[in-house]
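Please read the structure below before turning to the comments.
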């Protein structure tokens, strides 16, 4: 190697050693200045949204809570286990449930899902700052799967999440699904609105859901779905998944229903009464639209109208097509029930219909479902096949409460099965139609038919739309 090559090889080492040997201390070299930390603001519009959802999260997150509930249940005693394993299966055990919620009033009013607290005796709320408070239920609404809770803040004002009043959510809008699932910290996922007004999904019988691809994982139910203003546009409720974890198909209860339930609770109600239209119908298909002379399938074809209902009083007729209610398009029977049910009892609601080849607007008074006939709830006893069954008369109000078809007809509706012979062959939801050839229209008819009778029995019940005849 020549001297020049040796010099070139040593030069980097010399430079490196010279730099490293420079002692610490004052020098003329300039230090790297601290970068300024700008204060972010919630974006004024979609155009100002950059690469982060952080401003929205900072606004909304303080109002997201964890909802923990539990109850003590008695273990079922298993005689087989006791005999071979020496007992020990009795006693009680704790059942628990974990979910999320959102603070909607500064004095500690919280919205969550009904299924998070259903049947639970102890409910604890953990705030974003990890403080815990016992909660009481102000209103529980199983039909919408919502519950309103209250904690005692001792006068402290809590962060609040505003419920969106505009209801201008559109397919494609950005949303955040927020939660505090296991009390270990908050979670945030982002996505878009995939669909609106989905009425053909869900366990609740009253709903029109927002579909989103934002991940909703176990424990996030009851948490808020938030728009880019940081406002609550829905309550995350359930997912459709084969694995049990999010697969991009999540559903939220819209703000319209949340507001209705919260307002009912703040008004002192312990339950919510919703208007009832009194119509049975079916979605207009392509074939139906063609037969009616419609250019495209839309709306709900009215098949039946309940006597004395709001629909009948408004002049609606069988064969009419309901196109919209209060400007909201209606595409199936569930959508119609939802559109009228989110109004207050007594409201006058415009309804656009098609009758023949004409479109016209009628006004419907949003009345509550009538409780006629009276419930007349009884638990049957005695030496008969109905011993242990609780029955009541079917009315639109009962049908609404229990989620059954109000057009099912007359008969004694079985609502509960207790200890007794009925447990061997009857189920809740059965209708008793006849006993020993006698037609049963009411609970009183059934009580009369079985009073003091013995011997052989011939009973007809209806279950799931099918008649079943039983001999005893």
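Backbone N, Cα and C atoms are what each Cβ position is placed from, and that goes for glycine too.
Any TrEMBL annotation is an automated prediction that lacks curation.
Per TrEMBL, active site, charge relay system is recorded for 115, 145, 221. Under the heading substrate binding site, TrEMBL lists 115, 145, 219, 220, 221, 277, 278, 279, 280, 281. Look at TrEMBL and you will find 286-332 tagged as domain 'PDZ'. Taken from TrEMBL, the feature signal peptide applies to 1-24.
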Query raised in the report: Could you give the mean pLDDT over the domain 'PDZ' (286-332), rounded to a whole number?
Result: 95
Requested in this report: Would you mind reading off the Cα separation of residue 278 (substrate binding site) from residue 145 (active site, charge relay system), to the nearest angstrom?
Outcome: 22
Query raised in the report: For the substrate binding residues given in the record (115, 145, 219, 220, 221, 277, 278, 279, 280, 281), what is the largest pairwise C-alpha separation in angstrom?
Result: 37
Query raised in the report: Cα of residue 115 (active site, charge relay system) to Cα of residue 219 (substrate binding site): how many Å, rounded?
Result: 11
Query raised in the report: Can you tell me how the residues of the domain 'PDZ' (286-332) break down into helix, strand and coil by DSSP?
Result: 10 helix, 13 strand, 24 coil
Query raised in the report: Using Cα coordinates, what distance in whole Å links residue 145 (active site, charge relay system) and residue 219 (substrate binding site)?
Result: 15
Query - Under 8 Å by Cβ from residue 219 (substrate binding site), same chain, sequence gap 6 or more - result: 98, 99, 100, 179, 181, 182
**Report entry** Reduced DSSP assignment, residue 280 (substrate binding site)
**Finding:** strand
Report summary line: Close in space but at least six residues away in sequence, with Cβ under 8 Å from that of residue 221 (active site, charge relay system), the same-chain residues are 99, 100, 113, 115, 116, 179, 236, 237, 238
